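Asks: Pulled these from Swiss-Prot:
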BINDING   C22, C25, C40, C43  Zn(2+) binding site
ZN_FING   22-43  zinc finger
Amino acid sequence: MGQKWKLYIVKDGKVIRKNKFCPRCGPGVFMADHGDRWACGKCGYTEWKR
């Protein structure tokens, strides 16, 4: 915990998020990228990649 700074990059003076936010939990809760799916560690919501 406490490493949310790793989920952002600065490009051309703008901040860009690397991961998606969870649609259930809302902004501030990132989803983990597991290669074949996106998963929320807080609520368990999963989106499969095609």
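Cβ atoms are placed via backbone N, Cα and C, with glycine included.
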Asks: Enumerate the residues of the same chain, C22, C25, C40, C43 excluded, that satisfy the criterion Cβ within 8 A of the mean position of the Cβ atoms of the recorded Zn(2+) site; list them in sequence order.
Replies: P23, R24, G26, V29, M31, G41, K42, G44, Y45
Asks: Of all the binding-site residues given, C22, C25, C43, which has the fewest Cβ neighbours within 10 Å once its own Cβ is left out?
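Replies: Sparsest of the binding-site residues C22, C25, C43 by Cβ contacts within 10 Å: C43.
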Asks: When DSSP states are grouped into helix, strand and coil, how many residues of the zinc finger (22-43) land in each?
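Replies: Residue counts in helix, strand and coil order: 0 helix, 13 strand, 9 coil.
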Asks: Give me the count of other Cβ atoms within 10 A of the Cβ belonging to C40 (Zn(2+) binding site).
Replies: 19
